[in-house]
Amino acid sequence: MAPFPDEVDLFTGPHWRMKQLVGRYCEKLSNTNFSSNTDFLALLQSLYETFKEFKMHEQIENEYIIGLLQQRSQTVFNVHSDNKLSEMLVLFEKGMKNNEYEQLNYAQQLKERLEAFTSDFLPHMKEEEEVFQPMLMEYFTYDELKDIKKKVIAQHCSQKDTAELLRGFSLWNKAEELQKVFKYSVDEKIERDSKNRKSSASICNLPPEVMLNIFSYLNPQDLCRCSQVNTKWAQLARTGSLWRHLYPVLWARGDWYSGPPTHLDNEPDEDWISRRKDESRAYQEWDEDADIDESEETGEDDPSISVAQREKELLNSLVHYILPYIGHSVKTLVLAYSSATSNKVIRQILEYCPNMEHLDLTQTDISDSAFNGWCFGACQTLRHIDLSGCEKITDSALEKLSVALGMPLAHKKRLLKCYRNNRTVKDIRNQMRCGSLAQITGESGIYSDYSSSQIWILNSGNLGDIEDAADWKFRTTDGLGVLEMTPNLTCFSNGCCSRAVPGRWTNVIRQEHCKAAPLNYCGHTLCGNTLRTIQALPGSNIGTKTLQSEIRDICPGSAKLDQQVARVLQFLSLSGCHQITDHGLRVLTIGGGLPNLEHLNLSGCLNVTGSGLQDLVSACPSLNDEHFYYCDNISGPHAATASGCQNLQCGFRACCRSGE
């Protein structure tokens, strides 16, 4: 607010003097030695004189300013009714009569009372300047205000002590001039500093980096609570780095651990597992009954059902409210021994979390359909997968896993190099007879048990001799060379080869297989797709198409996959998955095998043979024999150094000797 003209500003000059007195007694109060009786009495005497001047000042304002204003405005009343000046004077008089033993207690009381008075007196003066001065300008004429000011100054100067301190009226006028410049600076600075302290003290105004660091110390439950405070906190609480490791089973039971999965390496005891199985059984029975009769009790009285319900609600909340925001940052998901996990929930979680590295589904009631959402390269970063005790898992799940692990760049280059060579069919066939099949296809001879002939699709402009192709069934349609499979060929019934030949794909089929394009050229030793070259369709202005160009045409995003790592799986446990066969083991060798696999547990896989094990082990060069487990009844690879079966005398997982 701009200062009023000097001639009619009734408050600025006297208030400047009052503020000067406040500053003086505050300084004396801080410098006084209260243990010294002399200093203490000197302070009280100074305070007594100061507050007498305060009281005189208030009396002058009441008589010459506020009293006149009340006569012209009914809104002004009781302005100085609670200034506590008289009470303060009584306090000072009482202090002068105290003895030395009472001084310290009195000093503390004095400081508190002075601090309270100061906090009221300064705003009171500011109110007079900002509220009553404009009212005076409204209800009085200019000349009337000039006369009032002269009377006010005369009354203040009539006091001997005041007149001496001000050194006459001229000094007062100089003070007024200065006050016009600094009138509101002190109070505004105090108010501004107070606001700054208030705003800076608020945790909501901390930088996002600091808030994120604070949130990193919170558990998932606390993060969810913080997300309900405001929009800013909700966004920070959904930061991916805070949700790298998910343990819904533990969280549902009150354990909010969210660190790396290192402490979960040890198997729980049978009692703990038995309790989890009882929970799952009780929940399933209750769930079935609830579907039939919804009027029955909710089952909250049963602790097992209550825990399973909490787990189910927690999983649903994760899927719907958290994973859509942080799914790409999730590295670990542990659902071991879950009572409420379903195929649908797992499928949704895996779709949201493409960068998963650690997946533990031990002893859950899932089946192959849980992995239906996996397409080519969907989990290229997966390093640890534990399916122990998942009795419904079959070879189909391993096919999906092999597809989702992708294909290493080095393996792709080797296949493409094989496509680009100009060798004749006779040369290839001769090399196959010499046993160099791995050099041609990049795969080991995993299908040596089958007698089907090798089948190649070649460019129609570069066909082999009729003698070499005598056993082939080959037809040409408008210059397009397409090789049809012979009836006696055995291949995956549900695998990547049971589909139309690439040269005859329609637009619909191309769209359907777009995501899995790189595995359409699987490199199976039976399918021989590693030597396929396709001539352009009739009417096309493109020349001969290689595998690489066809992949780019069908799935333009596949170029990015070449730059990523793939098939980095290090830990695979299928313990107790008794429906797994050699076929499931062999599909894991496709696309480059498992070059980083160190831990392989096939305990309780009753339907695999030594041949299937050998094919898989040959594609796992990093396998550690100490962490290689399979049934003792199987004559398999590394029989002398492998660790054997882990499920002996195990009451909750399949084992060929469980009856012993």
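Here the Cβ of each residue, glycine as well, is placed from N, Cα and C on the backbone.
If you check Swiss-Prot, you get these features:
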BINDING   H15, H57, E61, E127  Fe(3+) 1 binding site
BINDING   E58, E61, H80, H124, E127  Fe(3+) 2 binding site
REGION    283-305  region 'Disordered'
REPEAT    311-337  repeat 'LRR 1'
REPEAT    363-389  repeat 'LRR 3'
REPEAT    551-576  repeat 'LRR 5'
BINDING   C631, C645, C655, C656  [2Fe-2S] cluster binding site
REPEAT    631-649  repeat 'LRR 8'
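Sequence-remote contacts of a segment are chain residues at least 6 beyond its ends whose Cβ falls under 8 Å from one of its Cβ atoms, and for the repeat 'LRR 8' (631-649) they are 575-576, 601-606, 608-610, 613-614, 617, 625, 655-658, 660.
For the repeat 'LRR 1' (311-337), the mean pLDDT of the prediction comes to 94.
Annotated Fe(3+) 1 site H15, H57, E61, E127; additional same-chain residues within 8 Å of its Cβ mean position, judged by their own Cβ, are F11, P14, M18, E58, H124, M125, E128, E129. Among the listed binding-site residues, namely E58, E61, E127, the Cβ with the most fellow Cβ atoms inside 10 Å is that of E61. Ranking the binding-site residues H15, E61, H124 by the distance of their Cα atoms from the Cα of C645 ([2Fe-2S] cluster binding site) places H124 first. On the backbone, the CA of E127 (Fe(3+) 1 binding site) and the CA of E58 (Fe(3+) 2 binding site) stand 14 Å apart.
Within 10 Å of its Cβ, the residue among the binding-site residues H15, H57, H124 with the fewest other Cβ atoms is H124. A sphere of 10 angstroms centred on the C-beta of C645 ([2Fe-2S] cluster binding site) encloses 22 other C-beta atoms. Every protein chain considered, the tally of other Cβ atoms within 10 Å of the Cβ of C631 ([2Fe-2S] cluster binding site) stands at 23.
Calculated from their C-alpha atoms, the gap between H124 (Fe(3+) 2 binding site) and C631 ([2Fe-2S] cluster binding site) amounts to 91 Å.
Spatially, by CA atoms, the binding-site residues H15, H57, E58, E61 include one closest to C655 ([2Fe-2S] cluster binding site), and that is H15. Straight-line distance linking the Cα atoms of E58 (Fe(3+) 2 binding site) and H15 (Fe(3+) 1 binding site), rounded to a whole number, equals 11 Å. Here C631 ([2Fe-2S] cluster binding site) is positioned 104 angstrom away from E61 (Fe(3+) 1 binding site), judged by their C-alpha atoms. Secondary structure from DSSP puts H124 (Fe(3+) 2 binding site) in a helix.
C655 ([2Fe-2S] cluster binding site) is surrounded by 23 other CB atoms, counting those within 10 A of its CB over all protein chains shown. Sorting the repeat 'LRR 1' (311-337) by DSSP state (H, G, I as helix; E, B as strand; all else coil) yields 19 helix, 3 strand, 5 coil.
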